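Chemist: OK, TrEMBL features for this one:
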{"type": "DOMAIN", "residues": "A:20-240", "note": "domain 'MacB-like periplasmic core'"}
{"type": "DOMAIN", "residues": "A:291-403", "note": "domain 'ABC3 transporter permease C-terminal'"}
{"type": "DOMAIN", "residues": "A:687-796", "note": "domain 'ABC3 transporter permease C-terminal'"}
{"type": "TRANSMEM", "residues": "A:21-41", "note": "transmembrane segment"}
{"type": "TRANSMEM", "residues": "A:286-307", "note": "transmembrane segment"}
{"type": "TRANSMEM", "residues": "A:340-362", "note": "transmembrane segment"}
{"type": "TRANSMEM", "residues": "A:374-395", "note": "transmembrane segment"}
{"type": "TRANSMEM", "residues": "A:427-448", "note": "transmembrane segment"}
{"type": "TRANSMEM", "residues": "A:683-706", "note": "transmembrane segment"}
{"type": "TRANSMEM", "residues": "A:727-750", "note": "transmembrane segment"}
{"type": "TRANSMEM", "residues": "A:770-789", "note": "transmembrane segment"}
Amino acid sequence: MNTFSLLRLYRSLTRHKLYSVLNIGSLAVGIAVFLVLGLYVRFETSFEKWLPDHDKIYLVQTIWHIEDSPFNGAFPNTMGGLLEQIREDFPGTVGTRIMPTPINVIRNGVGIEEQGAQVDPEFFDVFALPMVAGNGPATLNSPSGVLIDQDTAEKYFGTLDAVGQTLTLTTGVDGKTGTYTVGGVFQNLPENTDLNFKVLGQLPAVQTAPWWYRWGSTSLFTYLRFPTPAAAQAFNAKLDGFVNRRGMKDLGPETPTKWQQLAVLPITAAHLTPAGGQAASLSQSVIAMGVVGVIALLIAMVNYINLATARAGLRAREVAMSKVLGANRNVLIRQFIGEAVLLVALAALVGLSLAELALPWINAATEMSLAIPYALAVPALAVLALVVGIAAGFYPAVLLARYPAASVLASARAPGGGRAGARVRELLVMFQFALAISFMVGTLVLAAQTAHVRSADVGFKRDGLIVVRSMTQAEPEQIQALTAGWRALPMIHSLTLADNSAGGSGTNNANSIEIPGQPGPGPSLQQIVVGPDFFRTYGARLLAGREFDLAHGADDFANRKDGVPVSIVINRMGASALGFASPEAAVGKTVGKGNRTFTIIGVIDNMRFLSPRDATTATYYSFTARMDEYATATLRYSGDLRTAMDAVKGTWLQVAPQVPFDASSADQRLAELYKSDEQATRLFTIGAVLAVLIGCVGLWGLASFNTVRRVKEIGIRKTLGASTRDIVLLLVGQFLRPVVIANLIAWPLAWVALRNWLAGFSDPVVLSPLYFVAASVLALLIAALTVSVQSLRAARAIPAWALRHD
Amino acid sequence: MIKLEHIRRSYVSEDIETTALADINLEIAAGEFVAIMGPSGCGKSTLLNTLGTVDRPTGGHYWFHDSDLMTLNEAGLAQFRAETLGFVFQSFNLIDELTIEENIELGLVYRKANGGNRRKRVVEAMDRVGISHRARHYPNQLSGGQQQRAAIARAIVGDPRMILADEPTGNLDTENGLQVMDILASLNADGATVVMVTHSPSHADMAQRRIDMLDGRVVASAARAI
Ligand SMILES: Nc1ncnc2c1ncn2[C@@H]1O[C@H](COP(=O)(O)OP(=O)(O)O)[C@@H](O)[C@H]1O
Ligand SMILES: [Mg+2]
């Protein structure tokens, strides 16, 4: 490229301004979409990769296989004492436990909650957290030492050099308050981690809780370190034998692995591995985003190549002249490719800027903090510029350089690569629109599902509820005082205590309930223990029978006499799981055996406390008036949430100031559970809209190119008697053909993808043909509009002008 | 058949007004063979385009038989062209992506009354100009003379009453030029009105009347003396 060819490039760009803006702009947008979505994928797949030696760290999973249990599958946690037993059986195993525990930092008599964890003294053998000050391993050897992160050091001591300072803490484990000495400050953990602690303390070596060594319980995370993947594999292979040997105690003498297994999972895979029976929603959306990003880039690239090739045809005359003036073929080819690379580089630069501009916005919409790693992005874009540039420049370069100069003139249409070129372009438009239409269908269905989830019946009145989670940490006397205080508040109409609440906090227990007269352990039902007014507070729908009633002394299982069945309420699913034809049929029946013999007094509609991706489970509710242990409180209020929340908090601060108040509305808690899907929907929509936009720009450019190329042909057709209408129909019809065919490709594609996605929901919307028809009609409209504006202009021009045109 | 009264055509571009036609008054009878001559830029093509209704005069009247074509709308003019006119250009103006046969068929596509004999008419037109053996070829596979004969076939396939030819022999060698002139003459003999722009005095001599133009005006109109 010399200055003359640069000048020529500049002229050609400014002469076709709109065309250049569209051409470079759409590629830039494609690159920006790719960058942003690529960042998202990189973020989600980079979890724990910041850890030194992350490829040597493994998480122990507990895998449940209990017939009909709602909690089957692999979970990331284990029994408390597992590591000790592993060490006994496999001497030399390096590992640590992490037991997350809320920690209250007491200052001036008021507790502030921090995320804490208790870990083994060997913690640093597995997690070599970078330290800012102090000594990590030494601190964990002392029961009164704590490690804090930079934020916490700044927050409480105003300095990173907090070693030797003391903190008064209440740990959630034993509820005791004590004074701890800061032995070290570790670097803040990055965003891409599921390890979320800010305060680390020692996990006491001696544990007295009965469940600590109870097989079948899970209470903390166990991590192991292996020198090689092969060593981890070898260890994994020995775990079944280990479980069968050790688990017999609690899981029964017959092959305990029938119920429970253990496995090790690379820590880097843990983030995208769904827990239990959960659908792999996160990994799915990561894949979806990746695909959208790549496709957006692909569409944009194809678009660019397509337009560049098409436009090159319009320069046939310039090339013919250059040849006449003696330019040789190689020079011409080099010039074309040089131009193309330069333009793509320009587009990449614009794309990078667009991504940078869009990121704050994207981060706000998705609550992430993505940033462009320039060290990686710039070389990648340089490669992209070369590849796309050469691809976009090569075909027209060779085509035009070989085009016989003599035949450029005397042709009704400017050369556009001939019939083959036209066919290729039509195929590309088809491909673009097939993807764009799939995206449109996807966006419609995602939006519909999100809206459906948001408005779906959860079985209770989700607005007007406050869930006080910190109630689990209050003492029994405090619970008494709190409930009395709240009941006295004017805006609180009803309140209840239960070991579970909207949003899913609480315990997850499931029990098998034997059906009389049928062999086997019977179906497994989730158990929720509730206090008075539970169903009334939640606004649950009673389908048959009655709710718990304090007046029926026998409803309270604490008052029950030996041998008398426990009164339970079950949900609709529970009724069918237990084999009753209708809710009415269940009322008054007795199920179970032994000390788990129940009389069903009522049936309520299913209540969904969890995310829409978790299946609603068959559940039974048992009742006691004395809910004073590990219960969350749920309050029904009226009026403004802020006012109600302030009043509820006021009471809390009077009664239990040392326990940090933790409450939110049921709406907020559910929204939190729906968040990841809504984020994914939002990102997908942004990507899809941009992809459609790029596709339209492509179509517009191509239509404009084609129309320009055919101005003279239009003139000829008019001399032959074609009217404006004939011409518009001809041009639009020709352009809509690939778009129509694109629908046929898009529909099955979108259908398969969306059916898979919807399968992850327990209550999916119906994949109605309307979504497909709507997307197609929309695509056709956009395409028709895009094309007809230009066709109309060309068709209405005075034919004499067109005939002169070349 | 045709009567032009005070036809003017001027172009305005960036404040400069170019007058291509200044007050043209002209009559052409049915069945006439007229040649238009004059230096380059004097308005010959503009006049021909005006006759062909593919250019709109700035003023004046264009009578075809007894109807004022200036009052027709765009669709009406398109229909008029489809049914009455055939165009032949210096640069042939065949469509590259279509075969010769398809190019010729295009001359019938926009006619409302066609009947089922399209194929037959295309074959007849090709026979008439002697291009049948090239029916399936594409224009760039043909010589200039063949292309021009194909273009004439396209112009006559709809059996137009008037043929407008703008320097039809301008891009052809002597022999091919003569062939084209022979075809035009025979069409005229069969009753078509032919209006032809040419630079060749010998070709102009084959017409019955010669119109000389200069600076957008008709300066002489003389019937050939036989
Ligand atoms: N679209 C146009 N815009 C401006 N001027 C035009 C246009 N078309 C023709 N002219 C001018 O009108 C005059 C007559 O042109 P034309 O009829 O093509 O001449 P001829 O065919 O006799 O060579 C010329 O001066 C030409 O420059
Ligand atoms: Mg001319």
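Glycine residues also receive a Cβ, built from the backbone N, Cα and C atoms like all the rest.
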Chemist: Could you tell me whether the transmembrane segment (A:374-395) and the transmembrane segment (A:427-448) are in contact, taking contact to mean 3+ Cβ pairs under 8 Å with a sequence separation of 6 or more?
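Modeler: Contact criterion not met.
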Chemist: Does the transmembrane segment (A:21-41) reach the transmembrane segment (A:683-706) with at least 3 CB pairs under 8 A, where each pair is 6 or more residues apart?
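Modeler: Yes, these stretches are in contact.
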Chemist: Between the transmembrane segment (A:286-307) and the stretches A:340-362, A:374-395, A:683-706, work out which stretch tops the count of Cβ pairs under 8 Å.
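Modeler: By the under-8 Å Cβ criterion, the transmembrane segment (A:286-307) pairs most with A:683-706.
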Chemist: For the transmembrane segment (A:340-362), give me same-chain residues lying six or more residues beyond its boundaries with a C-beta closer than 8 angstroms to one of its C-beta atoms, as numbers and ranges.
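Modeler: For the transmembrane segment (A:340-362), the sequence-distant neighbours (Cβ-Cβ under 8 Å, at least 6 residues beyond its ends) are 1, 9, 23-25, 27-32, 34-36, 39, 304, 308, 368, 370-372, 377-378, 381-382, 384-386, 388-390, 392-393, 683, 686.
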Chemist: I need to check the long-range neighbours of the transmembrane segment (A:374-395): which residues 6 or more away from its ends have a CB within less than 8 Å of a CB in the stretch?
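Modeler: The answer is 27, 31, 35, 301, 304-305, 308-309, 333, 336-345, 347-349, 351-352, 417.
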Chemist: Can you tell me how the residues of the domain 'ABC3 transporter permease C-terminal' (A:687-796) break down into helix, strand and coil by DSSP?
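Modeler: Final tally across the stretch: 95 helix, 0 strand, 15 coil.
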